[in-house]
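Here is the structure we will look at.
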Amino acid sequence: MLSYHKLNVIIIVVVCLLVNDVLRGLSAALNTPPRFKSEDLDDLQSEIVVRVKEGESSLHKQIYHLYGEDPDGDQLRFGVLGTIGSDLLRIESVPPNEAKVYLKKELDREIQDSYTLVLTLTDSKLGKGNYITKSLLLIVEDINDNTPIFRPYRTALTLSEASKPGVVIETIEAFDSDEGRAVEGERRTATAALVIQVEDAEDEPPKTIIGKGVISLASNLDYERKSIYQLKVLAIDRAVEGERRTATAALVIQVEDAEDEPPVFTFVPSVTRIAENLAIGSPVLTVTAVDGDRGVNNAITYRILKGDQKLFTINQNTGVVSVAGRLDRESAINDTSGQTAGAYILEIEATEVTVAMFPPPTVTTEVTIILKDVNDEIPKFTANQYVAEIAENAPNDMPVTFVGDSVPHVFDLDQGNNGSFAVSLQSADNTGLEDVFYVTPTHGVNEASIMLRVRDSLRLDYEKVKQIRLRIIATEKTGSLSSATNARSSSSQVTINIKGVKLVLNIMPSHRLSRVFPCSVAKINARDIDSGIYGTAGIRYTDIRGEMSSALNLDPISGVITVKTSEYKFDRELSAQHFLIVEARDANGAGNRNTVQLVLNITDVNDCRPKFLHDKYEARVYENSHNFEQPLRITAFDEDAIGTKNSEIRYQILPTHESNQLNQYSNNFTIDEISGLLSIKEPLDFESIPGPKSDSRNITITVRAYDLGEPRLHSDTPVIIYVYDRNDFSPIFTKNLYTKSIPEDIRDGSMVLQVSALDGDHSTINSRIYYRIVSGAFDKFVIDANAGVISVAAGANLDPDRSHPKQLSYLIHVMALDSSFGSEQRFSTASVNITIVDVNNKAPEFGDIPVTVVPEDAPNQHFVTRVTATDLDDKPVLRYSIDYARSEARNEFGATVDYNLFVDSFTINPLDGTVRVVKILNRELWDQIKLYVVVEDIAAATKGQKAKAILTIQISDVNDNRPQFLQHLYRGIITENAVAGTPILTVNADDADTNKSVIYSLEGRQELLQLIKINHKTGEVAVSERIDRERYSWINVTVRATDTGQPPLTGLSLLSIQVLDENDNNPVFVGEQRQAFVIAEDAPIGSLVAQVNARDEDSGVFGKITYLLDASSTFGKFKIDRETGAIVVSNVLNREDMSQYKLLVQAVDNYDYGFLTGESRKAFHTITVTVTDVNDETPTIVPQTSDCAVVNEFHPIRDMITYVTAIDGDDANTPNGKVVFAIIDGNEDRLFDFELSPPNAAKLISRFSLRGRVGNYTLTVKASDGGQPQLSSTAKVHICVTDVNDHNPVFVKPPSNITIRIAENATIGSTVVEVKATDEDTGVNAVVRYKLRQLPNNHWKSFAINDVTGVITVAKQLDREAQRVHELRVQAYDMGEPTSLSTDLDLTILVANVDDFEPEFTQDVFQVVFTENTLPEIEKYKLLPTIDKDDYDLIDPAVGFKSIPCYYIVGGDGDDRFRLNTFTHELTTTQSLDRELKDNYTLIVQATNDCFKVPPNITHFDNKDNSLLQVLIGVRDVNDNSPKMTKKVFTGGFTTDIDFGTVLMEVKAVDKDMGANSVVNYYIISEVRQTLTEGLDTLSAEPFVINRITGEISLNFDPQKDMKGYFEFDVLANDTDGLADSATVFIYLLRDDQRVRFILRLTPQELREKLEKFRDVLANITGATVNIDSYKIHENRDGSVDQKKTDLYLHFVNREDNSILEVNDVLSLIDKNIEYLDELYKEFNVLVTEPTQSLEYFLEWEDQLKACLLGTTAFLTLLLVLVICLCLNQKSRYERQLKAATVPVFGGESQLTRSNVPNTNQHASEGSNPMWMTGYDNRWYDKDEEQISNRSSGDNSLDENAIASHSPDDSLDGSAGRESGGSSASTTTNDKQALCRGLAVGRVTPQNITLPQNINHITISHNNKNNNNINIVKKLAPKPPQKPPNSVAVGAKQVMSASSHARHQSHPKLSTNGVISKPIAASNQRSLTTFFMYWFFTLPTGE
């Protein structure tokens, strides 16, 4: 029963399963499979191709959008087959039938450039594992992600320094794995897309040839400048997108040095200091030099060229300079060779030892050696004894007088403290009289002149002491007390003779000087104890000398001293005491003399006024302040006697007087009468002080200082007080609220309005107002801090729609601040309300438009999407459209398709922006379209407010293509032994279907298929097993690509792989290689030494063997053949240099490509080469170390004289190198012989005695070797046998103890005697020299001896009075060595007496004064007496009496006008003198005892020659010249606007006399004549007055406007004696229009300095008299002041009739002479020449009537024209509207010709005329701002004659029109009177006119008051046809400007460019006339 139930259950289950399978199969049979679909059409089984850029940029981004379709409406699922697809892609389903494909793995094109994947699609009813598939070809696009790679190259190179430019150094190649495109449309390899650059190349870059960088030498190399070059080579790819990549390679180039540089000093001590006692041989310094060729480094030798003075020597090898002689710093002080004391400059030469260059290169340098002082000198006196004298009555401190020229002088030649010494006195005979005198100075350094002065005059008593003998001691000053006792010293004896006084002077007491002249000052009494004329009776008072001696007379008999005249005044303030010396002589004034001192005391009187310390005093104070900024103390002093009432000073402030404006503020101040301290009594108010606005105002008070003497004297000084303003007023706005409305599109920078505030302060700093915006501007507005102008901020946007919240007005708070700081700053505020007016000026904007997908089979009118745009304006009207001309469509490959294939495929609703399909779509033609959608606001104020956007629409796709390989044949390369898995190449097949999955496989021979494998998914072919190139050099197989479609489709391609060889075998030396070789040293170059062989099993370059020799082992003597391995001799061998070589041989494969990179394989082999000797070296005798081998005549027998050595380079162990010596010549007496002293040396000895054989011997020595053939050489050996000095010199003349007599006046150089001595020795031992022994008596200093001839001469002037007998000792010495022998001879020289002192003047200058016009011989002056120093001994009969000296004029500029009596010494004139011709003369007088010989004339006075006297002669003036007027006619002028008392001009006269005689007074001597005068009848007084002192002529009446005419009168100038001269004066009453104004670019200060030059040159050129009226700072037309310019006002006078020239005549005169005035105008920077005022024509009634009639006629004519114009305008009204309606929106033109309405805007409102139009405004003026446009409307005008906006670059003044949205209004404005006013135009000077050469049109603006706004427009678009190209549009204000400028030119037209074709006459008509002129000139000629 149970089994039955189980069976039933089993049956039921089976049945159910069968039913389920049946139902499922039925369901599957009934299910319609889904399919892939493109965006718009059914899929045709085509492959999907997707291009993706490699790298991170595509990771996780959507790369494709999938579409599917299921007729059953089931939900679809998309997927991808295989692990590769799953790794690469992520598919995200978008229900119900779409999916997005994302890239989930980063791709690398260089690894694999494409992937074929299989996409799956199922509706979940196809059964498990069943899918609809589609191939997807994923093409990886290249990006620049690989860096270039360099191929192997040599990293290190060597290049010779001598290489020439252009030599190719290296070629470097690089490649890049990225794809490259070098030429458009042509694909190249990556290598071709590289650029090779050498970054560090110093000159030009290298060449690039297909990715190769050729590095060549660009310039000459210099090893010393740079020996190594490190080049950085860059390989840069040519990426056109993204960053370019660069690879770097380093290249080192080492330069081999060549011998081309001189040595270089590396160490040279510039200054070396050494002690002067440095021992001989001690090193001093070292110089070091090296070879300039650093790579060669030859040896260097040194020598001293000059400067050593045999005191220094240098080691030629080491460069060490050492001491060679005894150094003494002090000996160089007296050196006359020019050598600086104690300093030696050595010039050292360094020479390179080389054989490569001749002469060898050298270099020199200088070193300085300074000797440091050592205290080795003691103080020395110039003489051992001195003689002096002093009078017995000499006062204390009186210096003694040294007899003769010898003055005690002590010197110490040591430096600094070493040369310091102390000077003291001690008695020479222990008399204790050393305290009578003292010495000065007591200390000295290096040298000092010693003076002895009297200390105790009471002890100088001639009756007690007649002579004092003292010793002056100079003692070294040592640095320590311990050495003070050891201080060295020297001394000199002084003998002082006391002179007895023969005259006794009785001096009267000091006398108070009287004021009565002549007044007696003192009386001098002298007495003499002698008798006769030599006693008291013969005393004469001969001279008085001192400060005021010229003012005193000395009576020669009585000795009374008196004051000459009142002309000589004594001034106690200059000197209170005067010291005089009075001289008295006996023998009636010709005998002995004596002097006495006289002191004059001057008493004080009150004759000096107090004097202030300063000419004026200044103080600074702030208003309202009680104290000055700095205390002010007024200080005065009085030069009268101190402590008296005369010098006691008091101060006071002068009171205020109504007539005295200077002291009107004196009540505000007070002063301390004693201290002079000035203080403030009442504070000042700055604003109440009159004056211009400035930072300070000054007031002046007068302070008086007076003394208390009798009478009282005083002085006044001004005190200038600068008052500074306090900030006590706040700025006040003129309004509390300002309002303004502006459009929202106003330009940034435009002015909105101007606020204004006023400040009550009067100083510029406190009244200066600055404006600030406090709040409310929101950065939209800015304010000018100085002007208060509020303007739109730069970059500000006032659009209310763009502000959040929307803002239609701004309430701005502004602040006015003054310029104070901190708490003192004051301010006020005001409000500004600015309203923004909206303008429809914003274009609509699109939002984000998403990408839209449309099925390929979408029906007509299928809804695609809807685009919308927004507009921020208030009332926009939007219209949508599609611009297919700017749209584009692309196929699946991204290529654009033809316009006709997609045009009109979609349409858009113009109102709501709905886009629909209107044509059948085809994905195969294009799968994506970008529509250019446009929206426009047609209600905008300006046309063209549009927005554009791109609408992207994508289409769908199907599958039907087999895979296609990209290449028919793939070629690959792989090296042998490559490891398994090494990639070879990647094949790539493409499937046009969307399902691009491809499976790759290989087909071919099995043994080849085992070597390689292919990746079935990626197509990468790689190595499977090791490949041997010798077995398989090529691998050829077939590649198959199969897609995953149903049925699967395949494609085939061929694959060919080449196997490359590797260098895997080392070279091997073959055979038994010898290790040792022998070669003779004389083997010729090229001789074979050895042969080596090696082999390599590799092939090609890897098997090629290259043989190398190690260069360091060959020493340049051998080389190897790189190909054969043969080693040969490459250079001459010399066994003596090297006898054996060990050569290292290398065998290298792949040398050319792998040696430098280390890729070559090597083998090494060592061989030994021995060089055998031949007899090729000649023995060479080593030269003697000295020029001669010196021995004396006592040389021992067989003792060695010298050592002879020979050198033989041959082998010393063979006979070739053994040397023997022999004497072959010069040994005739066989005195010399050799003793052998091996090796290769011998001793030269003496065989016999050399006594008596003194002389030089030259031996010829021969050295011979023992080789075959025998070689020998000879050399000279010099032997010098010297004499021994064993004889003394013997004097032969004169005899000993002889006395020689010589005259006292013998000249220097005179011969005294000749001495002669002989010596029996020979040679230098017999050479005798002479010198004077320096005996302590110092007599030798007066003589000199010639050390060679023995002639004794006088060395300095002899003085018998000082020294009568000279005792000399002459020494004769020989020049023997080592000891000199000498003999002495004593001589006595007696000096015979002569008269050798000329008379001497006691002073250098003597002054006399002669009166001019005095007859000759009337005035006489006696010159100074002289003194004579000759010592006359009356006992000597050869001496006579003293003669009277004779005076001669020997020089000066007297020109024979003066005569000097030779014997009486009186000077007088020979002719009358004229002071005006010459007021002083200078004579040179000489006194001489020789009255029979006239001294020669001299040109210059020598104050050292006391026989000369300089006489200064002055000429006293008399009044003999009358004044002379500078002009005979003086002219001037004035206008009626000047004030009474104004100085008009100045007359000037010159008197050649001086002093009071030259004072000139001026008078008007005639009546004032009036000519052509009007309105002057009422004058009661003289119209002019003249200043008697200055000659200034002032106005004496008040001019009135109706006065006319000119004045004429005569002026007299006379001096104090009535001498006179006269001139005529013309003064013109000028009209305002009779003056010419010159505007100069100079400040008034600069003009003032050279004003006279400007007037004189201008008068000279124009021929007129030029008078200067005034000049001032230039004032512009707007009232502003230009500080850098000056207005100069002149009037011109006709020289013929003295009449005023009219301005027009003056301007014409200037124009005629403009060429001559050019330089003057340039120098003074004359800018404008113009009349002072414009001419105003006062019309008579007839002219007024004519003008009225003319105006009436013109007015009626205008009315008629207006009526006709109105009629025509009504007619054309509808024509205008028709033209506007028929104009197309874009492009095209109306059929109406624009010539019908010329120069108007065709769409302007009715009645508009462009002459008055501003944009579309029909009014020509506005109520607020009356504007006049001078431009056409903006660029929206349809008028072809509209002028383009001005470019800022074409504007002369920087202004230009700018474009703003739609209509543009002109910004050039003027006020309403611009058309109705004339202009007084300035004259522009020629040098300031510059017009451009290429002007097409000139527009002269109306809005510039200065008339400078000239805009030059270079291009007119379009160009008006009515006007000629060179024309001018001139406004009313410019009419006169143009004509004035034209008038200034000599030609009626402008000569520069011809811009103005015809000058326009200036006019002064009324406004109506001006209006017609403006209308006429601005109306086009066509109208």
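Residue 1 is the first one shown; counting continues down the chain.
Glycine residues also receive a Cβ, built from the backbone N, Cα and C atoms like all the rest.
Database features (TrEMBL):
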COMPBIAS  1790-1808  compositional bias 'Polar residues'
COMPBIAS  1854-1866  compositional bias 'Low complexity'
DOMAIN    44-150  domain 'Cadherin'
DOMAIN    151-265  domain 'Cadherin'
DOMAIN    266-381  domain 'Cadherin'
DOMAIN    382-511  domain 'Cadherin'
DOMAIN    613-733  domain 'Cadherin'
DOMAIN    734-846  domain 'Cadherin'
DOMAIN    966-1069  domain 'Cadherin'
DOMAIN    1071-1181  domain 'Cadherin'
DOMAIN    1183-1291  domain 'Cadherin'
DOMAIN    1294-1401  domain 'Cadherin'
DOMAIN    1402-1525  domain 'Cadherin'
DOMAIN    1541-1646  domain 'Cadherin'
REGION    1790-1811  region 'Disordered'
REGION    1828-1871  region 'Disordered'
SIGNAL    1-24  signal peptide
TRANSMEM  1749-1769  transmembrane segment
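Within the same chain, the domain 'Cadherin' (1294-1401) stays apart from the domain 'Cadherin' (966-1069): fewer than three Cβ pairs sit under 8 Å, each pair at least 6 residues apart. In the predicted model, the domain 'Cadherin' (1541-1646) has a mean pLDDT of 89. Each residue of the domain 'Cadherin' (734-846) gets a DSSP state, and the totals for helix, strand and coil are 10 helix, 50 strand, 53 coil.
Note on the domain 'Cadherin' (44-150): DSSP counts are 10 helix, 51 strand, 46 coil. With pairs at least 6 apart in sequence, the domain 'Cadherin' (1541-1646) and the domain 'Cadherin' (966-1069) have fewer than 3 Cβ pairs within the 8 Å limit; the two do not touch. Residues in the domain 'Cadherin' (1402-1525) partition by DSSP class (helix H, G, I; strand E, B; coil) as 0 helix, 46 strand, 78 coil. Taken through DSSP, the domain 'Cadherin' (613-733) splits into 12 helix, 49 strand, 60 coil. The domain 'Cadherin' (1294-1401): residue composition by secondary structure is 8 helix, 48 strand, 52 coil, according to DSSP.
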